[in-house]
Amino acid sequence: MSQQQISLPAKLINGGIAGIVGVTCVFPIDLAKTRLQNQRAGQLVYKNMLDCLVKTVRTEGYFGMYRGAAVNLTLVTPEKAIKLAANDFFRQHLANNGKGLNVFKEMLAGCGAGMCQVVVTTPMEMLKIQLQDAGRVSAQQQKPVMMAPTKLGTTNTLLTRSYNSGTAVAAPRAVSATQIAKELLRTQGIQGLYRGLGATLMRDVPFSIVYFPLFANLNRLGKPNADGSSPFYWAFLSGCAAGSFAAVAVNPCDVVKTRLQSLNKGASEESYNGVMDCISKILRKEGPSAFLKGAGCRALVIAPLFGIAQVMYFVGVGEYILDNSPLRLLD
């Protein structure tokens, strides 16, 4: 991602810090994105992103906007580490005698990075979505309706008591990511945490294929000469532009992934049996425009995340930490 040679430990530190800072800054928008994507036609709880955030604060308090943030903050560092390390690994092995990569090879490297990161991304998104969408489900349930557990078995009382109780409540009962993970492991095994893996691959692989080459080429335009580096602001803008474009491009896949990973439904909301069934039902009942739900929110989330990542590289936070701590032994 950076135009200069940086050690792998420094890259991992930069990526981890960028992820933590970025998640903290934009998580409320990500929560709005999840809730908007899960809304069905005729059962709208929120009109737009701003309306979603206002209603969330009103019913769940300020920290309601950060429901599920702990999962992201915990797993974003290993996710970024895998993504950055994998992209560097594939770029290195695809390079010919130290020469630069052509666009096709840059896309291959991004594809490999996207395939590797889902090891962490899928369970992270799975747990985050349950926590983020709890408020929407509670608000959508306006009348007493006993909802059946969704593919979690009749004994899954932990996940159903908070979201599918069928009562209209102002705010959902708090359930931690650890509790949800334990219940999924107990009822479904490890595959429970990897529900929606196919849809996550559909989203993250194309995203990396688009993002990495696009950023590299946009950033190259800001270099004063072939051996120089682009200015700070240009690297930041390149990261934002490439990230937002890639985010909108794969938003239909993100909608499918969000729907498949949402275990708890509002009143009269249906379930989906796989990617194709989800796509078919969304097209038939909500139309093609449903695949663009939350696209603006997603662009607003992804752009600063990758812009901040470029700030970390430009400033050299990882290098400073390694040079001034015992961690320098890792370099």
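Cβ atoms are placed via backbone N, Cα and C, with glycine included.
Where the annotation comes from TrEMBL, it is an automatic prediction and has not been curated.
Helix, strand and coil residue tallies for the repeat 'Solcar' (6-93), in that order: 73 helix, 0 strand, 15 coil [DSSP]. Marked as repeat 'Solcar' by TrEMBL: 6-93 (among others).
Taken from TrEMBL, the feature transmembrane segment applies to 12-32 (among others).
Taken from TrEMBL, the feature repeat 'Solcar' covers 101-221 (among others).
The transmembrane segment feature in TrEMBL is assigned to 192-212 (among others). If one looks beyond the transmembrane segment (192-212) by at least 6 residues along the same chain, the residues whose Cβ comes under 8 Å of a Cβ in the stretch are 1, 83, 87, 106-107, 109-111, 113-115, 117-118, 121-123, 125-127, 181, 184-185, 242-243, 245-247, 249-250, 253-254, 256-257, 260-261, 263, 274-275, 278, 306.
Break the repeat 'Solcar' (230-319) down by DSSP state and the numbers are 70 helix, 0 strand, 20 coil. Residues annotated as repeat 'Solcar' in TrEMBL: 230-319 (among others).
Taken from TrEMBL, the feature transmembrane segment covers 232-250 (among others).
As annotated by TrEMBL, transmembrane segment applies to 299-322 (among others).
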Near the transmembrane segment (232-250), which same-chain residues lie under 8 Å Cβ to Cβ, leaving out any that are not at least 6 residues past its ends?
3, 202-203, 206-207, 210-211, 214-215, 218-219, 221-222, 295, 298-311, 313-314
